[in-house]
Amino acid sequence: MPEGGVFPVWRGIGVGSGVGGGWSQGWGRGLRWEPASPGQGAWIPVFDYPVWGVLCRGGHARLREVCQRGRSAIKLPTDMLSIKLPQLFDINQVPKVFREDSIISGYRHPRSSALDCVLSSFQMNNETINIWTHFLPTWYFLWRFCVLCSTMNFLTDSYTWPLLVYMLLICIYPFTSSCAHTFSTMSPESRHICYFFDYGALSLYSLGCAISYGYYVIPDCWVNSWFHQHFVLIAVGNTLFCTSLSCYSRFLELQFPQRSKVLRTGAFVLPFIFDTVPLFYRILLCCVGSCSLSDALSSHCYHLLFAVLTCFLFTAHLPERLAPGRFDYFGHSHQLFHISAVVGTHFQMEGVMADMTSRRAWLLARGAMPSFLGTVGVLVASLVLNLGIIGIFSAPLLWKPCHSSNQPHTSRRECKEK
């Protein structure tokens, strides 16, 4: 590149004329070179006058000229320089299906593209915190799972299989929730389907809790009882019921919002109550003095505390209901609901692992050995059945015939617009 092409060039001490010495394009104005110390050959640059004086004497014009020349020389693609974040809307500008209780602003476009949905996760809107409060914990649980994989033999040690199932599901459910919140504004149909998968992941998580509780947390006096032997099987039925009822509740959301909320809440509360029956019984025994409070039970108690808080936040819609529009971006109940659920899951994980370690010898001595069919096999079967339920509820949303008896010549373009 010829001298003076884009940027000023230092040509060396003593080269050129003027105060600036070897700077090209007159950039040496304001600089001069002096010996670092008497008798040494080292030279250091010294300003003739303050930097602001340099900028006042044509510096702004020269900087602008360099930027223009640099832009033309580098020639970045126009698309890279023109990426714009999606526009946000108020509640009265989006369809009713996208509206949230007491959330007034920060809504994304109801027909966003997949790229817009991804970009919106880096833009402050009323879903941004919802996305990240489950996306980041996914990596935390995945890290904990990887640490366990390096310290436990999940392949041959059947006693660890319930923990394997549980760890897989606590990694899946926050990631699925994060994806649902990210891509829920592509269309009304995609919004329902995204949350169908979210509900399915949560119901499978309840199954993972039941499997780990049934093998590690079960009270001593219940081991090998009828309830213990059928505990996981009943939990599978609860999982299918949870997915079905929660998906069905979305079809009632517009006409009967209160009924929809009650059904959806009940769909998740019922498996939770069933899964924690063994834990409640152990805590009750400790309360009456039949056992001592262990580290595992302490973690389980913290989990129960956050579980109750999670349910309260999900149903109460506080604090945004007290001040609509003030918590649209930060601090509304669904964000707090996510955080409370993740913290509760952390304590639950700690309690399950503590019970698994401390009760191993006692449980194995009584023949409470997990089987592959009763752990991984149950998970795979439940996953297939839940996907089938999601497919059944998604089919009416995906299958919309473009031709009807009244409009036999509807064009393909008109069908897409509808």
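Backbone N, Cα and C define each Cβ position, glycine as well.
According to TrEMBL, the feature transmembrane segment maps to 131-155 (among others). Sequence-distant contacts of the transmembrane segment (131-155) (same chain, six or more residues past either end, CB-CB distance under 8 Å): 121, 161, 163-164, 167-168, 170-171, 174-175, 177-178, 181-182, 335, 338-339, 342, 345-346, 349.
If you look up TrEMBL, you'll see 161-183 (among others) marked as transmembrane segment. Residues 114, 117-118, 120-121, 127, 130-132, 134-135, 137-138, 141-142, 144-145, 148, 152, 154, 190, 194-195, 197-198, 200-202, 204-205, 207-209, 211-212, 214-216, 338, 342, 345, 349, 352-353, 356, 370, 372, 375-376, 378-379 of the same chain lie 6 or more positions beyond the ends of the transmembrane segment (161-183) yet place their CB under 8 Å from a CB of it.
Marked as Zn(2+) binding site by TrEMBL: HIS181, HIS334, HIS338. Remark: HIS334 (Zn(2+) binding site) has GLU100, ASN130, LEU313, PHE314 as non-local neighbours, by Cβ distance under 8 Å and separation of at least 6 in sequence.
Sequence annotations record features per position, and here TrEMBL assigns transmembrane segment to 195-218 (among others).
For the transmembrane segment (230-251), same-chain residues at least 6 beyond its ends with a Cβ under 8 Å from one of its own Cβ atoms are 192, 195-196, 199-200, 202-204, 206-207, 210-211, 213-214, 218, 259-261, 263-264, 266-268, 270-271, 274-275, 278, 374, 378, 381-382, 385-386, 389-390, 393. The feature transmembrane segment is assigned by TrEMBL to 230-251 (among others).
As annotated by TrEMBL, transmembrane segment applies to 263-284 (among others).
Residues or ranges marked as transmembrane segment by TrEMBL: 296-316 (among others).
Taken from TrEMBL, the feature transmembrane segment applies to 372-399 (among others). Remote same-chain partners of the transmembrane segment (372-399), defined as residues 6 or more beyond its termini with a Cβ less than 8 Å from a stretch Cβ, comprise 158, 161-162, 164-165, 168-169, 189, 192-193, 196-197, 200, 203-204, 207-208, 211, 215, 232, 236, 239-240, 243-244, 247-248, 250.
Within 10 Å of the C-beta of HIS338 (Zn(2+) binding site) we count 23 further C-beta atoms, all protein chains included.
Shown in sequence order, GLU127, ILE129, ASN130, ILE131, THR133, HIS134, SER177, GLN335, PHE337 are the same-chain residues outside HIS181, HIS334, HIS338 whose Cβ sits within 8 Å of the Cβ centre of the Zn(2+) site. Of all the Cβ atoms in the protein chains shown, 26 others lie within 10 Å of the Cβ of HIS181 (Zn(2+) binding site).
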